[in-house]
């Protein structure tokens, strides 16, 4: 079956992080994850608390839903999760439908699973999870994914590591040394994804901390350190 | 003569804006500008107040100065001004010296002058100034520069427009419609470049304002809206 479990669609909004930071995009969140990161900012996509919000949709219904929400007011769709890489044929179809309308697809996944449609994605972000997440990286799988993306000859793939502490930073460095030819984005972690109100001062302090680590480190001359712009502006609100 | 008038060199720090936002870089600021933007955040590079700080340096002396400041702790140098495009042969030599050491050169200029070395720059940012600046765009010159960059076949050129108000926004849109194939970055203006203390709340409010203009505008589906990260973190301090 080619249906996709969707827990939310929203937009247009601005992509707040990573390789296409700052661009207008729609968001589609798939349900289900093979990870359980301790600090996940979208735990409702896998922890069961919002299971009644999940709908199984054909790729065409997703496209129609996006067009209903935004008409012609977008050229980019970001598919996040959960882990969209748990989904096979349906995702390949959705990407083809988007491309047929001239819409670009950006997908984020943690690098725990390969899908052949990775090679069709316009902006593929592989975001392996650092030690603070409580997850353990499957390096063989990650090697395999990065190798295949390299072999595809398309420069559409980047890495992103969220950094909460110096142990995570060392992990990010290990990722960079293992795949030096892949653009690497570092992003300070949001240490309280439930705090209400304006959290920008706390987030900017962590960005400065991460800036200073990179500034002092000759092994990190080419990485990019970026905040989550949406969290700076809209804080911990959902659907922005 | 191939000497370059330099008013400051500093770093390493993090590039806070534009196409290579987030990357570690050294900064070199050249003295002198053919513009007098009302809100210029680096007016000391042309208004005479810091004229005694200017030194005329051979390209090799600039490279040596950067190496003294930072050793091997950088792979990128950003050359800003003032308008670096006022400088001819010396800048071509500096770029060659940087490249010979594997260092990438990013240069920002307003698009009022052409230099042949534009084609050698790794990251060329053309930043035409909107009406709020008080400057008038020479569209023939800008067309000429964008055409030549296109003919060079290198995808190293992007446009950046600082936006203070809705008139500036319409100007940015005009730039985008004129050169739709060139990546365009929008950046909210900093309305008080002399204010001391933490200005991040004011800057984030302007970023949200600009996000919302783009979100609502189907003619701006592909532009990127980015803040000045250095101003969010280090506010109006110089040399960061």
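Just so it is clear, glycine is given a Cβ too, placed from its N, Cα and C backbone atoms.
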Listed by TrEMBL with B:39, B:40, B:41, B:127, B:128, B:129 as binding S-adenosyl-L-methionine, from among B:82, B:88, B:90, B:197, is B:82
For the substrate site that TrEMBL gives as B:14, B:15, B:16, B:29, the extra residue out of B:2, B:38, B:80 is B:80
The rounded CA-CA distance in Å from residue B:37 ([4Fe-4S] cluster binding site) to residue B:128 (S-adenosyl-L-methionine binding site) is 11
CB-CB under 8 A to chain A: among binding-site residues B:14, B:29, B:129, passing residues in order are B:14
The average per-residue pLDDT within the domain 'Radical SAM core' (B:20-236) comes out at 97
Closest by Cα to residue B:33 ([4Fe-4S] cluster binding site), out of the binding-site residues B:14, B:41, B:42, B:82, is B:82
Binding-site residues B:40, B:41, B:82, B:128 vs residue B:14 (substrate binding site), shortest C-alpha separation belongs to B:41
